[in-house]
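Data block below; observations after.
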Amino acid sequence: MGIKGLTALISDEAPGAIKEMEIKTYFGRKVAIDASMSLYQFLIAVRQNDGQQLMTESGETTSHLLGFFYRTLRMIDYGIKPMYVFDGTPPDLKKELLQKRFGRREEAREQEEEQKDVADAEKMDQLARRQVRPTRQHNEEVRHLLKLMGIPCVIAPSEAEAQCAELARAGKVYAAGSEDMDTLTFGTPILLKHLTASEQKKLPVHQVDLAKALEGLQMTMAQFIDLCILLGCDYLDPIKGIGPKTALKLIREHKTLENVVHHLKEDGKKSVQIPDHWPFQEARKIFESPDVQKGVDLDLKWEAPDVEAMVKFLCQDKGFSEDRVRKGCEKLQKSLSQKQQGRLDGFFTVKPGSAPPKRKAEDDKKNVKKKGKK
């Protein structure tokens with residue numbers, strides 16, 4: 001889920017913190033990617049023309065393997081050195097959220113069964129995607145594939161995005177790659193969004209700079225963590241009646257969540273409902289002191305790929321086209337064998353504009369309205 005409304009808030013209050021970049025900008029960079037988020041995305045997005053997941057003849061899902069194989073090749077093609085971090089044991093505070101997700105999947109499964117004779121194909125496809133749940137087998141297969149590709153992997157003690165942030169802070173990688181904005185809350189200096197997006201979508205990479213975000217929001221890291229909790233995160237629901245702008249105003253005025261909660265209780269507005277059990281201190285502790293392996297202790301090594309083992313796994317075991325897999329392996333070998341050139345920062349151009357397209361479009365509309373008033 002990430003942090004509700006955080007991207008829009010940063011776009012409005014700290015537009016210089018978000019830049020649209022071309023993927024080639026990251027030539028020579030090491031990036032820690034949230035594998036658990038990518039796994040979920042690939043299981044949902046990588047589909048056949050009829051909307052069904054890719055499968056072997058025996059019915060085993062292979063969408064996740066196709067996604068990781070080709071998206072990783074794409075990054076390596078651009079000179080990026082990706083490594084992947086997988087989720088470990090979730091914090092106790094996250095169990096309620098996971099139970100809710102399980103409930104939504106069960107609800108979608110029941111709806112699909114009830115409507116299979118009357119619903120249209122689009123509705124059935126939506127219900128099917130809502131039932132997606134990565135399994136232990138999916139995770140193990142992806143780690144096996146990445147090992148054969150020579151790509152380093154780490155299993156985090158707990159949250160993958162927290163471990164990605166730790167690696168970035170330790171200087172082991174340039175940035176963390178994830179779609180979850182809470183990677184910023186865990187303290188990554190640089191967050192890259194859309195790095196593993198499909199090439200067909202032609203999405204630019206959104207680079208978010210934490211220091212610039214804090215500067216624009218006019219707050220410390222501790223206050224930023226409190227803001228993210230107030231907005232709504234994976235560990236606590238937001239307070240009903242408190243939107244992003246109000247949350248920002250409250251943290252700026254009252255500095256801490258303790259003071260904000262005290263103020264809201266004193267204020268007594270009926271439209272604002274603080275849950276009876278809202279352990280924000282526990283959520284804060286997860287963000288401030290996450291369960292991670294120290295970045296300095298991790299030795300990340302990119303190895304030569306095992307082509308024949310990859311062909312056996314993907315083609316003989318999973319039914320992939322051998323011709324396409326071997327061509328992909330040739331690309332992988334070529335990219336990894338080439339001597340890494342040094343980075344010349346500024347050599348590649350940044351795509352114009354510092355805010356995501358949606359925000360820029362909204363700004364353009366506002367400007368048109370202002371001109372009309374003159």
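From the backbone N, Cα and C atoms, a Cβ is placed for every residue, glycine too.
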Exercise. Out of Asp209, Asp226, Asp234, which does Swiss-Prot tie to the same Mg(2+) 2 site as Asp180, Asp182?
Worked result: Asp234
Seminar exercise, completed: Cross-ref Swiss-Prot: Mg(2+) 1 site Asp87, Glu159, Glu161; candidate in list Asp34, Asp77 matching that site is Asp34
Exercise. Which stretch does Swiss-Prot mark as region 'Interaction with PCNA', out of 259-267, 277-285, 286-294, 340-348?
Worked result: 340-348
Seminar exercise, completed: Arg71 (DNA binding site) and Glu161 (Mg(2+) 1 binding site), compared by Cα position, are separated in whole Å by 19
Seminar exercise, completed: Candidates Asp34, Asp87, Glu161, Asp234 (binding-site residues) passing the 10 Å Cα cutoff around Asp182 (Mg(2+) 2 binding site) are Glu161, Asp234
For this session: Round to the nearest Å and give the CA-to-CA distance linking Glu161 (Mg(2+) 1 binding site) with Asp180 (Mg(2+) 2 binding site).
Result: 8
Seminar exercise, completed: Note: in the chain of Asp34 (Mg(2+) 1 binding site), residues six or more apart in sequence with C-beta under 8 angstroms of its C-beta are Val85, Ala160, Glu161, Cys164, Ala176, Gly177, Ser178, Glu179, Asp180, Thr183
Problem set entry | Residues flanking the Mg(2+) 1 site, with Cβ no more than 8 Å from the Cβ centroid of Asp34, Asp87, Glu159, Glu161 and excluding those residues themselves | Ser36, Met37, Val85, Ala156, Ala160, Ala162, Gln163, Cys164, Ser178, Asp180, Thr183
